[in-house]
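Annotated features in Swiss-Prot:
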DOMAIN    2-62  domain 'Kazal-like 1'
DISULFID  8-42  disulfide bond
DISULFID  20-39  disulfide bond
DISULFID  28-60  disulfide bond
DOMAIN    63-111  domain 'Kazal-like 2'
DISULFID  64-93  disulfide bond
DISULFID  71-90  disulfide bond
DISULFID  79-111  disulfide bond
């Protein structure tokens, strides 16, 4: 079952764009970024060329915002939802971005 879509039209105010509260009700986007609430999700993504979707409610398990395309050999295994083991967060995040959010963390450690 996929998560319900975020209805951003409810946050649009004519002529003034989107104004959000500071309520902490985090959601995780398919970009694996944690947004403080649905309104902030809509505000920060209104100018993106592709529609961003909600992955799930609550914080993302692993933040992939500052990943590098070039990874170290550090060994801190992560098990992905695909059953694959990734040697470290960098390698995991590269795969998350490549798959556009269809991969998520199953557990820390080996699969």
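Including glycine, each Cβ sits where the backbone N, Cα and C put it.
Distribution of Swiss-Prot features across the structure.
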residue: 8; record: disulfide bond; Cβ within 10 Å: 17
residue: 20; record: disulfide bond; Cβ within 10 Å: 16
residue: 28; record: disulfide bond; Cβ within 10 Å: 23
residue: 42; record: disulfide bond; Cβ within 10 Å: 20
residue: 60; record: disulfide bond; Cβ within 10 Å: 23
residue: 71; record: disulfide bond; Cβ within 10 Å: 16
residue: 79; record: disulfide bond; Cβ within 10 Å: 17
residue: 90; record: disulfide bond; Cβ within 10 Å: 19
residue: 93; record: disulfide bond; Cβ within 10 Å: 23
residue: 111; record: disulfide bond; Cβ within 10 Å: 13
Subject >> Cβ-Cβ distance under 8 Å to residue 64 (disulfide bond), same chain, at least six residues away >> reply: 31, 32, 33, 92, 93, 96, 97
**OP:** Could you check what DSSP calls residue 111 (disulfide bond) once collapsed to helix, strand or coil?
**Re:** coil
**OP:** Identify, in sequence order, the residues in the chain of residue 39 (disulfide bond) that are 6 or more apart from it along the sequence and have a CB within less than 8 Å of its CB; answer 'none' if there are none.
**Re:** 11, 18, 20, 21
Original post:
In terms of DSSP three-state secondary structure, what is the assignment for residue 42 (disulfide bond)?
Top reply: helix
**OP:** Could you round the CA separation between residue 60 (disulfide bond) and residue 79 (disulfide bond) to a whole angstrom and send it over?
**Re:** 15
Subject >> Inter-residue Cα distance where the pair is residue 8 (disulfide bond) and residue 28 (disulfide bond), in Å >> reply: 15
Original post:
What three-state class does DSSP give residue 20 (disulfide bond)?
Top reply: coil
Subject >> Nearest-integer angstrom distance between the alpha carbons (Cα) of residue 79 (disulfide bond) and residue 71 (disulfide bond) >> reply: 17
